[in-house]
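One structure is given here, and the rest of the page talks about it.
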Amino acid sequence: MSKTLIRGAKVLGGEPQDVLIDGETITQVGTGLSAEGAEVVEAGGKVLLPGLVDLHTHLREPGREDSETVLTGTRAAASGGYTNVFAMANTFPVADTAGVVEQVWRLGKEHGYCDVQPIGAVTVGLEGRKLAELGAMHESAAGVTVFSDDGKCVHDAVIMRRALEYVKAFDGVVAQHAQEPRLTEGAQMNEGVVSAELGLGGWPAVAEESVIARDVLLADHVGSRVHICHLSTAGSVEIVRWAKSRGIRVTAEVTPHHLLLTDELVRSYNPVYKVNPPLRTERDVLALREALADGTIDIVATDHAPHPHEDKDCEWAAAAMGMVGLETALSVVQETMVDTGLLDWAGVAERMSFTPARIGRAEGHGRPVSAGEPANLTLVDTAYRGPVDPAGFASRSRNTPYEGRELPGRVTHTWLRGKATLVDGKLT
Amino acid sequence: MQRHLISAADLTRDDAVLILDTAEEMARVADRPIKKLPTLRGRTVVNLFFEDSTRTRISFEAAEKRLSADVINFSAKGSSVSKGESLKDTAQTLEAMGVDAVVIRHGASGAPYRLATSGWIDAHVINAGDGTHQHPTQALLDAFTMRRRLVGRDAGLGQDLDGRRITLVGDVLHSRVARSNVDLLHTLGAEVTLVAPPTLLPVGVETWPCEVSYDLDSTLPKSDAVMMLRVQRERMNAAFFPTEREYSRRYGLDGDRMARMPEHAIVMHPGPMVRGMEITAEVADSDRCTVVEQVANGVSIRMAVLYLLLGGAEFQTPSTPAAPARTAEENR
Amino acid sequence: MDTHDPQPLPASQADARPVLEAPDIARVMTRIAHEIVERAKGADDVVLLGIPTRGVFLARRLADKLEQITERKVPVGSLDITMYRDDLRLQPPRALARTEIPGDGIDGKLVVLVDDVLFSGRTIRAALDALNDIGRPRAVQLAVLVDRGHRELPIRADYVGKNLPTSLRETVKVLLAEEDGRDTVLLGAKQTPQ
């Protein structure tokens with residue numbers, strides 16, 4: 001088996017150390033390690049993190065291979081420093097049966113860029129009426145533990161309650177897309193000063209917050225854990241904070257774009273800023289950063305949502321919602337959390353690797369960088385700063401809101417169980 | 001003036017006054033035996049209507065024809081648009097035909113802005129109403145009507161609406177007319193008050209440059225002009241208000257209410273009116289109601305906008321036109 | 001873009017010399033009024049239309065003189081030719097001036113167009129087009145304060161205050177009390193574009 005020596009890397013942002021990989025495993029971490037028989041990667045002060053884990057990705061396969069496939073999506077993941085992604089269920093057909101989830105899981109294995117852990121639909125066809133065969137998906141080769149109707153909210157309180165209860169049998173978790181459907185009919189952007197001016201249908205914060213409030217109370221009542229997808233408002237933060245203080249088993253994620261962008265950008269009517277949940281206000285952005293720093297929000301998840309060019313090159317109302325995120329997530333987190341002093345790199349590892357792996361029960365991922373652990377690693381040049389160029393994306397889609405924007409940090413190497421998937425910024 | 005007319009908020013006070021003054025001259029063309037000017041000869045204007053609006057379309061068409069432009073009417077109904085062709089493809093098709101200006105009406109807020117800023121076309125874009133966003137030529141014709149009635153036809157030249165108290169009543173939430181009017185009237189120095197049930201005001205309205213009231217009766221005596229906005233009956237079904245009867249009782253303009261307005265005050269409506277809902281027939285047909293005038297003024301305003309956007313050279317786009325041939329003073 | 005600009009750049013007034021002073025202007029206006037009366041055999045059906053801006057003031061002055069001579073009011077108005085110009089597309093959009101046709105109209109009348117300077121003739125061409133859309137005069141005549149030559153169209157004036165031979169490097173600027181505070185005609189040198 002091949003050996004790799006990563007020399008002089010700041011492990012989790014600490015003092016420079018050498019890390020020796022032998023086969024699929026980290027065998028030694030220390031200083032002055034022997035390079036004998038090993039390929040040497042000079043880290044030169046770059047930061048070494050555990051391979052990132054994304055609890056919220058849309059890979060689009062099967063059904064919308066024109067926007068992304070498991071292959072292109074996992075290559076994008078490797079480019080962004082990820083070694084494990086959770087693929088959302090809103091494909092065509094919907095990932096609501098063991099057959100579909102196994103197919104997606106197997107494609108990820110075959111391509112070998114990044115482990116793919118399928119998320120199963122909570123309800124058949126994401127229609128919110130009838131529970132999908134959650135147990136069968138869990139027992140399949142894919143071993144599904146996270147269930148979500150993402151893109152749609154499990155709005156029926158009884159269905160939500162049953163799902164929360166049912167997955168307890170196999171330690172699963174329901175990831176809720178919190179969006180009260182009646183309050184968001186025709187909604188196009190955050191409801192507030194900007195929507196009033198632009199004449200775009202308002203998406204009130206309360207549509208998210210009311211569902212989160214209900215779900216944490218339901219989780220408390222039935223003693224289940226619940227995960228909140230892409231939390232986007234200051235009010236949601238307050239509810240989750242309160243729930244955690246009560247000991248309710250709730251976890252929450254925030255997307256990179258909700259940490260950086262505000263609804264002011266919608267003034268351009270450029271649909272690249274159209275996303276669900278919508279970009280909120282400056283006040284929300286600051287509350288989300290603070291909550292991610294203090295642990296109220298547990299993790300960063302990308303909500304990587306690829307769309308073909310034509311679905312964004314149109315008028316706002318006709319455009320699809322979503323942004324790609326895998327290849328820019330770490331840069332945005334560095335910009336908003338690390339460079340602002342809110343979080344150190346150990347904190348980033350916690351929120352982008354350890355904790356998401358724990359929530360999703362992903363075995364072999366989100367492990368410490370220490371001897372005996374699987375060699376899932378990513379090396380980041382944190383001193384880099386430059387403009388985002390979508391032309392260089394590995395994703396099949398280019399719908400990034402950051403085109404041309406200067407961001408810090410660049411992932412140069414990624415290893416998946418000892419195998420390099422990204423070397424010097426190039427996919428292998 | 002900018003190259004396009006997308007939002008009333010884009011107009012400076014001087015831009016707006018220039019448009020109103022120009023429209024005043026255009027209006028005189030309507031009194032002549034030959035209601036036509038050669039100004040836009042050889043220029044092609046497309047009326048690109050994705051939403052039905054016969055009134056606005058024929059108003060623009062009349063303005064374009066009076067200025068001798070070549071006019072192409074493109075209605076989305078029955079065209080390739082209904083077969084799934086995108087706004088971009090439609091725009092580029094028109095561009096390929098050598099169109100100089102696109103007058104666009106679209107159901108989606110921001111569609112004209114996209115058309116003007118996405119690099120799809122080079123033509124001038126004039127917003128003829130987009131979703132619930134803006135309808136700048138409507139606001140201009142309303143301001144023109146107010147200036148004529150409240151300041152005077154000749155006395156108004158070069159003047160804005162400084163200190164005039166304008167009240168807009170009705171479905172502000174869904175109204176592009178309200179948004180455009182608030183922006184323009186504020187720019188022109190007027191004091192604007194919006195009156196509506198709270199359900200028909202957008203969240204965020206508190207940041208607009210106007211007052212907000214839920215009480216029509218207390219506002220009427222302090223108004224120089226009262227503009228009634230159309231209230232669609234469908235809104236009732238979405239629980240914006242309980243019944244038509246209750247709406248009319250609280251926010252409709254009838255003869256009794258009109259009597260509480262100052263003697264000089266006028267009643268306006270962008271049309272089409274829903275008689276019996278926001279306005280009674282008695283008020284709609286009274287001398288104080290300017291609905292018919294507004295329609296006539298619409299043609300003059302659209303001629304002025306077309307002339308100022310298309311009448312000059314392409315290579316210079318200063319914020320104001322070349323030195324005026326005269327000042328307003330001379331024309332007193 | 002300067003190469004497209006047909007407008008002479010303003011001559012600085014310091015370099016310009018007066019070719020007509022206020023008394024001269026008054027005298028030639030009186031003369032033109034008499035000529036109109038003579039040629040129109042009493043000026044019964046004369047309508048004076050000034051071309052904005054300064055042609056309008058001259059037309060009003062002529063109307064006053066005609067009234068003194070004939071002891072009758074002579075209808076006077078203004079004719080804005082902006083929208084009939086053939087160089088509209090060469091310059092930014094211009095603000096419009098007022099067209100004011102006297103109440104009885106121009107049909108069957110003798111219209112005398114009044115302008116300050118006759119130069120290329122293009123303004124008068126535009127004025128004739130504009131008249132055409134307003135009515136059908138019996139005849140159209142032209143009165144100008146200064147004819148500086150350099151016609152580009154087959155147009156001539158019927159009444160001329162002063163023939164002023166100029167070169168294309170020169171500018172002629174008419175100042176009138178109503179607009180400029182004093183009456184004078186200045187001949188200056190065109191500044192060469194840098």
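Just so you know, glycine gets a Cβ as well, placed from its N, Cα and C.
What TrEMBL records for B:R55, B:T56, B:R105, B:H135, B:Q138, B:G271, B:P272 is carbamoyl phosphate binding site. A sphere of 10 angstroms centred on the C-beta of B:P272 (carbamoyl phosphate binding site) encloses 11 other C-beta atoms.
Secondary structure at B:R230 (L-aspartate binding site), taken from DSSP and collapsed to helix, strand or coil, is coil. Annotation comment: TrEMBL describes B:K83, B:R176, B:R230 as L-aspartate binding site.
Predicted-model confidence for the domain 'Aspartate/ornithine carbamoyltransferase carbamoyl-P binding' (B:3-147) is 91, expressed as mean pLDDT. What TrEMBL records for B:3-147 is domain 'Aspartate/ornithine carbamoyltransferase carbamoyl-P binding'.
Taken from TrEMBL, the feature domain 'Aspartate/ornithine carbamoyltransferase Asp/Orn-binding' covers B:163-309.
Taking 8 Å as the upper bound (exclusive) on CB-CB distance to chain A, the binding-site residues B:R55, B:T56, B:H135, B:G271 give none. Note: the carbamoyl phosphate site is recorded as B:R55, B:T56, B:R105, B:H135, B:Q138, B:G271, B:P272; in the same chain, B:S53, B:S59, B:A128, B:G129, B:V177, B:P270 also have Cβ atoms within 8 Å of that site's Cβ centroid. The Cβ of B:G271 (carbamoyl phosphate binding site) has 15 neighbouring Cβ atoms from other residues within 10 Å, across all protein chains displayed. Residues in the domain 'Aspartate/ornithine carbamoyltransferase carbamoyl-P binding' (B:3-147) partition by DSSP class (helix H, G, I; strand E, B; coil) as 66 helix, 27 strand, 52 coil. Of the recorded residues, B:G271 (carbamoyl phosphate binding site) and B:R230 (L-aspartate binding site) place their C-alpha atoms 7 Å from one another.
Broken down by DSSP into helix, strand and coil, the domain 'Aspartate/ornithine carbamoyltransferase Asp/Orn-binding' (B:163-309) contains 67 helix, 24 strand, 56 coil.
The most densely surrounded of the binding-site residues B:R105, B:H135, B:R230, judged by C-beta neighbours within 10 angstroms, is B:H135. For the carbamoyl phosphate site, whose binding residues are given in the record as B:R55, B:T56, B:R105, B:H135, B:Q138, B:G271, B:P272, the maximum C-alpha distance rounds to 16 Å. The Cβ of B:R55 (carbamoyl phosphate binding site) has B:G271, B:P272, B:V295 as same-chain neighbours under 8 Å, each 6 or more residues away in sequence. Nearest to B:R176 (L-aspartate binding site) in space, judged by Cα atoms and limited to the binding-site residues B:T56, B:R105, B:H135, B:Q138, is B:H135.
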